[in-house]
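Asks: What follows is a single structure, and I will ask about it in a moment.
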Amino acid sequence: MDGWIISFKNHGWENDRNLDCARVWIPDVEEVWKSAELTKDYKSGDVSLQLMLEDGKNIEHKLDPKTKNLPYLRNPDILVGENDLTALSYLHEPAVLHNLKVRFIDSKLIYTYCGIVLVAINPYETLPIYGTDIINAYSGQNMGDMDPHIFAVAEEAYKQMARDERNQSIIVSGESGAGKTVSAKYAMRYFATVSGSASEANVEEKVLASNPIMEAIGNAKTTRNDNSSRFGKYIEIGFDNRYRIIGANMRTYLLEKSRVVFQADEERNYHIFYQLCASAHLPEFKALKLSSANDFLYTRQGRSPVIDGVDDTKELCTTRNAFSLLGINESYQMGLFQVLAAILHLGNVEIKDRDADSSVIPPNNRHLMAFCELVGVTYQDMSQWLCHRKLKTATETYIKPLPRLQATNARDALSKHIYAKLFNWIVEHVNKALVTNVKQHSFIGVLDIYGFLASFFRWICLSFFEQFCINYANEKLQQQFNMHVFKLEQEEYMKEQIPWTLIDFYDNQPCINLIEAKMGILDLLDEECRMPKGSDDSWAQKLYNTHLKTCSLFEKPRMSNRAFIIQHFADKVEYQCDGFLEKNKDTVNEEQINVMKASKFNLLVELFQDEEKATSPTGQVQGTGGRTRLSIKPDKSRDTSSKEHKKTVGCQFRNSLQKLMDTLNATTPHYVRCIKPNDFKLAFSFDPKRAVQQLRACGVLETIRISAAGFPSRWTYQEFFSRYRVLMKQKDVLADKKLTCKNVLEKLVQDQDKYQFGKTKIFFRAGQVAYLEKLRADKLRAACIRIQKTIRCWLARKKYLRKRSAAITIQRFTRGYQARCLAKFLRRTQAATIIQKYQRMYVERKRYKQKQAAALAMQTILRAYMARQKYQALLREHKAVIIQKHIRGWLARCWYKRCLEAIVYLQCCIRRMRAKRELKKLKIEARSVEHFKKLNKGMENKIMQLQRKIDEQSKENRLVNERLVGLESSYTVESERMRGELNRLRGVEEDAKNKANQVSSLLEELERLKKELSATQQEKKTIEDWAQSYRDEMEKMVAELKHQNGLLKKEKDDLNRLIQEQSQQMTEKMTRAIAEETQQLETDLNEERSRYQNLLSEHLRLEEKYDDLKEEMNVSKPGHRRTDSTHSSNESEYTYNSEYAELEDGTRGREDVTRGIDTSLTLKLQKRVTELEQDKQLLRNELENREEQLQRASAMARGAELEYESLKRQELESENKKLKHDLEEMRKSLLGNAATGAGAPGSPAYKVLLEQLNASCEELEVRKEEVLILRSQLVSQKEAMHHKETMTEPSVYKDDVSKLKDDEVKQAYVGLKDTNRYFLTATSLPHLHVFTHCPPLAHINLCMLLEHQLQTQRRTYDNEVESLRSELQNVKEENNRQQQLLAQNLQLPPEARIEASLQHEITRLTNENLELMADDPTASREARVVILRRMVDLMEQLEKQDRTIRKLKKQLKVYSKRIGEMGAGQTEGQTSPGQMVDEPIHPVNIPRREKDFQGMLEYKKEDEMKLVKNLILELKPRGVAVNLIPGLPAYILFMCLRHADYVNDDQKVRTLLTSTINSIKKILKKRGDDFETVSFWLANTCRFLHCLKQYSGDEQFMKHNTSRQNEHCLSNFDLAEYRQVISDLAIQIYQQLIKCMENILQPMIVSGMLEHETIQGVSGVKPTGLRKRTSSIADEGTYTLDSILRQLSAFHSTMCQHGTDPELIKQVVKQQFYIIGAVTLNNLLLRKDMCSWSKGMQIRYNVSQLEEWLRDKGLMTCGAKETLEPLIQAAQLLQVKKKTDEDAEAICSMCHALTTAQIVKVLNLYTPVNEFEERVSVAFIRTIQTRLRDRCESPQLLMDTKMIYPVTFPFNPSCLALETIQIPSSLNLAFLTRV
């Protein structure tokens, strides 16, 4: 080691011109190396250096007087913490150790590159850096582009295997407890995750499942590792030609069998024993008779049966599951556990001394009995051969008893042998489970070499034979490593064409020869084993005699004759010879083996079936006992092959190691060196001594030495130019970067031996990069000083100008203030003068007005008193006159009344006297007969006259009644007017009386007031005085109240403000709570939608896997082809059961293929789909219940109307049936006479038509009259029902009506009763009692009522007559039109007549259908089905006739052509055959009206596949589809679907939708990686979905339509379920689109967002070492930010061109930006070189460019900007200050979108690019962690780049009318017919 340390001594010292303050490394006992700073310049010849340590202590470091070696120079701080140790400018041991320590302790990074070696330090802590997200981040990346990681090494091996077609190996080495097994496990997990499986057997899961099995039977706890591998293994993972895992194979080396029977303190046996003991309570393990691990000798020797944090019971469950996954069934597992339990029981068998030379086992030993029972052997045989041994000679065979010690050793040997056999059996069966029938194309080997390397390079090694084999294996591996490193280094120099000087490196071939060469250590050991009396001592003497003087690497210890020392490549190791021969022989008692073979336990027999005889090479076993008395003759029939010697352990190990080396040499190796940081398993604790020992031993420093011997630092020309551009002048910069670098470097470094120019790189000696960095830092420091000088000058001048401006401003404002004060004084003086003038004027005017008012008051009072006196005199005179007038009038009226009464009395007396006289005369006449006869004579004439007179009087009464009504109205008006006038006069009279009464009272009041006036005047003065005092008090009180009011107002305002604030807070709180709840609901909805869409994607993946398996099956079975069933499970939920029946046979045939598919996920999907279906059914039932309730409510409301309309509907139906019957007879008549041409006017058919038409008209008139009668009766009934509800007394005629049966009589009777009821009501009302006594008035009232009813009926009748007239007119027009059509049809030829009749029939049936729909929708639907089927039959007949006619035409044309060719004679009067044929064919040209296109497309059933093929499968978006209307295929498909719905063909609808869905899936599977194809069909699928919604007939969708579009709605089928299927298909297409875009964007993101310098010159490239990273300078083929923006614009324009919905485009853009942000942030978190201040500026600039793109496209509101928030905050975190607690608080509040793990990771990775930046201290990071401790978030470090936001498809109706769509001919859809 001293030689290569000297080679470092001058590196950098001669270049560092200013050695004062230089930092160096000096040796230290505790820390190995300690940093110090040079305080005094070193001069040549100095014997010591003046140094200052980091703690401030000054020391003197003396140099070696012999060598004069100077201390190692320390690298600049900017280079400390690099990912690759070869990037360090000074390459030596302290630099390597310090770099590893800084990365491990400060940055918490456990992986570091050292050239081609990955150094992995065990953190003794679980880190979140091995998840699937990390694997995905490293997948596909170059090894130098990401931070060091075991996944990077695995990816490099995987990539080189695929690229170079060469097998690979990953060699993992290190001490026990360094983490080798874990590293190998993670490497295999990476291969299993990235490559996947090539078959359905899930081989990658089996490969990973082998780990817990091998750890259980091959790993154990040691003092330095809780899970130490006690064997070496090499696992070959096989791949096929597509580089998918197909299987694996495992080779094991040198199992530590001695651990089965012995463990040191604080160690354990193999894990499987403790797992069995911990699970002994399980029922299936009762038969094993196990108990606690402390009860067995083999598990309690280490006195540490439990590992902290490990549950052995759970570990056994994991082991058993792994066995099951690898195909080892339960019976075999129980057999294995039975053998293991037997080993434990065997260890507890107690052997006692019988005498000095023999031993015995006590009878009925419990553990031996358990052992024999478990392994199926006899107790007697086992007990005998445990204590005896058979010896054979040439003539006899003897049975020799064994002493207790030898018997115990034999028992332990048997235990070890059984365990080794069991171990090999398990490895063999694991290999069988990992082998497949697929041919292996290549493999990657993972070598986990020996976990018990604990005391590997110590001066004294306490291990014996096993340690010797391990060191031998590591010597071989180190030799292979040295050769590989030297070869790579040499190839690099030769490739760059620079001079290469061969350097010396340590070659350990002499040490290997010492061990394995002829007469080497192993050869002598085998020779000694073959000797009859060979021993460890004799073997040691042979070693001394052979190698002590001839080999310098072999030494003999001074104080021992039973040990030897070997100089290994790292250090000397002393080996004790005890036990070497015994372990090399590995012998077991042959009779014990025979007993095992005779076992009844099949598994044990299987373990020993190939067992060779375990005899020593000499056939004897050494022992101290003599012969026994028993003598047995030898077996002469024994095979001579038994004399052959088996291979020793050393020989076997050497052969297997040679095979391993051959395998490694045939592969490309990758090295992982695991380092154990401390011996106490402390998390992130670094012991420099232990680390240096392992670095020296594992070859890391050898790699450094080889690199440092040449040119360790390497820069590309572009990187050098970018980094050291600041050292160049403008004139030095040339167009050729290479020439520029040469010129500058020649000026900066004078010694040209310090660098070399290669083809693409510049190579530097050690220390030159540090020198260049010093020059760069000096130049930047000078520039900073100049910038600071200029800035400070600018700041000082700015401060001076600001002060000067402030002073001027203050002066200006002061002077202005003084001027304003003077002006204010002058204004106040003038204002005071004016105020005085006006105040004086006001006082004088007030005094004058007071005097004037007093004089006027006195005059007014005096004049008023005089006026009142005069008025009272006049009033008294006027009242006296009125009293006289009334008295005189009263006297006159009394006299008149007395006279009138006397006159009337006289008249009455006279009239009474005359009446009595007349009465006497009449009585006398009445008694005479003759008079009676005269009276009766002519009585009849008088009756007639009276009747006539009554009639005349009734007429006169009518006239009088009319006049009476007029008079009554005029009288009423006049009486009202007079009544009003009378009331007014009465009021006036009352007022006059009241006023007269008031006069006297007023006079008295006046006198009283006069008396009071004087008293009041006297009191006035008193009151005024009191008022003045009261006013003063009140003013004072008012002031106090105002003050209190102000306080109350203030308090009120405060309370109002407080209430308002509380209200605002409550509102904000409620708003926040509502917002949070809304956000939570939205989050739950998005999560549910995301889960559903993930299930869809998983379902699609399973479908694709199923199709692939089916294709493979079809390929493997060429003679048997099956029809591919493209029905998806989503669609099958909505199709009919017949489709399932069709698929049953195919499903049965494919059971053997699908049996291996993982059905767990399928079952979960089916369960989830079933749950969703149940939820959907519940919602649907609830909706139906709601609809039924609504319909029931509406039906109850419309019950009366429906009853009223039922009579009308029945009448119209009967009329319609009769008309149908007549038209049917007419149609039969016309069709019967169609052949004879009878149809002209006057023909029988025409007469029949006219007769039927006339009869129809007469019938119509009759029906109209009946309708009038019925309607009048219905109106009467309606009014009667209304009055019956409003009247209080019940109907008296209800029972009478109910007795009637005829409806018409009932209605008439009800109307008559209603009329009578009006009269009864009128006579019963109290206010009409006058009319009951006056017959004329009663008649008048009755007449008025009847007249009112008659007018009401007349208005109703007029309305009905008008409507009937319009209906009659329509019927007449229809009849005329039918007559015209019939006339035209009768004149047509038969063929045209049939077609016209069909068209007329279709029109008639359509109109009739519309009428039926208006009357009865249910009946109309059934009628439409019948009519449409009839129409289809008629059209098919017509098409058949047309085809027949066309065929006959073609034949006639052919015949006519042949006749013309034959030259047949034709005369002028004759016609040609063609004319004769064509004349009857041409129909009469009938002018028709042009039909409106209904927006439907008709196709034949056999053309469906052609439609799908031309419109979906063969349509290319880049070709024909570019010029189409956006969404045209969707419109065409929907128009075809509309026609199928129109004709009510459910089979056609179902097959069309099924074919469409399956064809879209097929084209996407075929061209799923083409973005344009996926985008095109996403847009069309969404448009088709929108069409299904828009024309579904649902009100929520129809409100967006026009009236014409609403006419095009689907009428027969509800396709809501198919809408769900198509929505699922759209989701799958969307996810395919996102994956396609991700595949396109993925290579651009890291290069464009992170590596490319958008702002040139902001950041420089740091040294990168051997693992070169991607250049950040934009070369040709490098992606930039502009590349990303161009690609985004291309995506956007393509989607817009295809007519994608704007809302869907927003969702796609949001997903694109999420991918960009997530990938960028993940790479930032995994790349230490990207975490710098300048890179943060670059990222923020790039994000601003993305935001500008969003702004240009109008997509700022789509949520894409928010997805970049984590990346923005990470960039801000790189740029903010990171020192104080305030900075920590700002970071915690700013980085809310980042998790705690991400924030801490960025801070740990923060790397200064320049010396002016500072690293983040550990204390600051801990402060951040403390502040973020309470955050509730996921511990995941990386963002999920595979996450897809749940997509929604908002309804987007189309304004395009279906009838206006034209189909271009380029689509080849001519077979579609427009309807």
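Just so you know, glycine gets a Cβ as well, placed from its N, Cα and C.
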Asks: Checking feature assignment: coiled coil per TrEMBL, candidates 199-226, 1431-1458, 1487-1514, 1739-1766. Which range matches?
Replies: 1431-1458
Asks: For the record in TrEMBL, which of the ranges 519-541, 657-679, 1186-1208 is the region 'Actin-binding' one?
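Replies: It is 657-679 that TrEMBL annotates as region 'Actin-binding'.
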Asks: Enter the number of other CB atoms within 10 angstroms of the CB of GLY174 (ATP binding site).
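Replies: The answer is 27 other Cβ atoms.
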Asks: Calculate the per-residue pLDDT averaged over the domain 'Dilute' (1554-1830) and state the result as an integer.
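Replies: Computed over the domain 'Dilute' (1554-1830), the mean pLDDT is 86 on the 0 to 100 scale.
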Asks: 10 Å Cβ neighbour count around GLY179 (ATP binding site)?
Replies: 25
Asks: Can you tell which of SER176, GLY177, LYS180 has the least company, meaning the fewest other C-beta atoms within 10 angstroms of its C-beta, among these binding-site residues?
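Replies: Each of the binding-site residues SER176, GLY177, LYS180 was scored; lowest Cβ tally within 10 Å is SER176.
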Asks: Taking 10 A as the limit, how many CB atoms besides its own sit near the CB of ALA178 (ATP binding site)?
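Replies: I count 27 other Cβ atoms within 10 Å of it.
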Asks: At a 10 Å cut-off from the C-beta of THR181 (ATP binding site), count the other C-beta atoms across all protein chains.
Replies: 24
Asks: List the helix, strand and coil residue totals of the region 'Actin-binding' (657-679) as derived from DSSP.
Replies: 9 helix, 8 strand, 6 coil
